[in-house]
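Annotated features in TrEMBL:
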TRANSMEM  36-56  transmembrane segment
TRANSMEM  105-125  transmembrane segment
TRANSMEM  137-157  transmembrane segment
TRANSMEM  219-241  transmembrane segment
TRANSMEM  272-289  transmembrane segment
TRANSMEM  309-329  transmembrane segment
TRANSMEM  336-355  transmembrane segment
TRANSMEM  361-384  transmembrane segment
TRANSMEM  404-426  transmembrane segment
TRANSMEM  446-470  transmembrane segment
Amino acid sequence: AKVLSPCLHLLNFTNCFCFHFPQHERRNRLSICSKLCYAIGGAPYQITGSALGFFLQIYLLDVAQIDAFYASIILFVGRAWDGITDPTVGFLVSRSPWTRFGRMLPWIVLSTPLAVICYFLIFYVPPFEDGKVVWYLFFYCAFQTLQTCFHVPYSALTMFISSEQAERDSATAYRMTIEVLGAVLGTAIQGQIVGMANAPCIPGPGDPVLNATNLSVKTAYMIASGVICLVYILCAIVLFFGVREQKEFCRVGSEPISFFQGIKLVMGHGPYVKLVIGFLFTSLAFMLLEGNFALFCTYTLGFRNDFQNILLVIMFSATLAIPFWQWFLTRFGKKTAAYCGTLTAVPSMIVVVVFKSNLIMTYFVSFFAGMGVASAYLMSWSMLPDVVDDFKLENPKSTGHEAIFYSFYVFFSKFSSGISLGISTLSLHFAGYITRGCSQPEAVNITLRVLVSFAPIALMIIGLVVLYFYPIDEKRRQRNRERLREQWEMEDSETDSAELAAII
């Protein structure tokens, strides 16, 4: 497929627009090393995100021994706070002054040390009981804020590494690959190290006595978090020294409007609202599956010593499926790919709860579930730029609102994550979840089956119904692409004429 016009699919946190300078093309090509260094900067977000998404809930319940009710508060408030910080940090970054290192890189460098400290302390069990809930809530929210200070500028950095759209698209492809591998790495590091230790549990009637290991589960979580912190720092160092931020690739566009005026304008765009609502439900479905799958494998299926390997199969499958879904969407269209990809995970969710517990079958269905996860990860970010293009064509005099599109999209995604984790953990509380139990009451097992199967399927169906009314099909997308190409060619021609007149 032909590359779309410059800068229309990238974050814009600077209230400016970028355009193509043909005379600079030869000077602004990125080396493979530069693209790799840029892509490696995206790994920390995915590494920590996958580790927290799969393991934080079971850690709070069984290791930190937080009551399920308070754990639900920590998870919900932390994720909701994380969502709020995205548009706020995006607004602050857009008004940051340029330094000798650029505008984005200082945010990344300064936030990294504090972020890794907070992440490590999330997986440290304090030596006191009173105030333990406040401890985890504070450091969870603090880490989410500091990670936002890393990831928002990093996302915006794409538009400052080259003036060539083809180079930016190539760098973004490198980034997507590394980010998916980062999610696999986070799951592997946390899962394999924690899997070396057995969480202490209180046997119930008829429960087998588990053999203890030399490595305590508290120590295992601390070692895993320490390794992830080290990887986080190394990635930030590679990004800082391997990428050069370029100021001259932007020029001032129209007069900026206020932040809240921009919100009103963006949220009034129909295709954006439909896309956000549709993927809000599908994201909520996959977040329910992600947040509760470790508990489901441990207690309902009885695979206490294998759940980390099952999670790794899901993420490995998602990594392999990304190129397939990329080919599928270019061949059959994005809406069709969104439907097929989401529905791919449904049979796996049904089989894993209907049939009797079987480890081999669980690995098999987890592989297909990973294909659905890959589709959800790719489709949302693939369709969002089309909405931004459509908005630009309908509002040609209004520029610099990409930050609001992306920030609020991330906000709703994280808010859905907070809702899923909060509601699911609260449901386990009312079902009678036993902290540190070697087994759980049947009501808890039924709740977990609902949370990883029937509830996600219902949410997926609602999301797909909403996406049915999403108006940007392939015909409209191609038409928008042609109109944008004509618009940018006209602007380039006017710019060249103005430069020639100035020279004369």
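Including glycine, each Cβ sits where the backbone N, Cα and C put it.
What TrEMBL says about a protein is an automatic prediction, not a curated fact.
Through the fold, the transmembrane segment (137-157) approaches residues 11-14, 38, 41-42, 44-45, 48, 56, 73-74, 77-79, 81-82, 85-86, 89-90, 93, 103-105, 107-108, 110-112, 114-115, 118-119, 121-122, 236, 239, 243, 245, 403, 406-407 of its own chain, all at least 6 residues removed from its boundaries and within a Cβ separation under 8 Å. The stretches the transmembrane segment (272-289) and the transmembrane segment (404-426) meet in space: the count of Cβ pairs below 8 angstroms, excluding pairs fewer than 6 apart in sequence, reaches at least three. Counting Cβ pairs under 8 Å that are 6 or more residues apart, the transmembrane segment (36-56) and the transmembrane segment (219-241) reach 3 or more and are in contact.
Here the transmembrane segment (336-355) lies next to the transmembrane segment (446-470) in space: the count of CB pairs under 8 Å, restricted to residues six or more apart, reaches at least 3. For the transmembrane segment (309-329), the most Cβ-contacting stretch among 105-125, 219-241, 361-384, 404-426 is 361-384 (pairs under 8 Å). Here the transmembrane segment (404-426) has Cβ contacts under 8 Å with residues 11, 53, 57, 61, 68-69, 71-73, 75-80, 82-84, 86-87, 90, 152, 155, 259, 262-263, 266-267, 272, 276, 279-280, 283-284, 287-288, 291-292, 380, 384, 387-388, 391, 451 of the same chain, all six or more residues outside its ends. Under 8 Å from some Cβ of the transmembrane segment (361-384) lie the Cβ atoms of residues 176, 180, 275, 279, 282-283, 286, 289-290, 297, 301, 303, 309-310, 313-322, 324-326, 329, 334, 337-338, 340-349, 351-352, 355, 405-406, 409, 413, 470, 472, all in the same chain and six or more residues away from its ends. With a threshold of 8 Å between CB atoms, the same-chain residues lying at least 6 positions outside the transmembrane segment (105-125) that come near it are 41, 48, 52, 56, 59, 63-64, 93, 96, 99, 135-136, 139-140, 142-143, 146-147, 149-150, 152-154, 157, 218, 221-222, 224-226, 228-229, 232-233, 236, 239-240, 243, 245.
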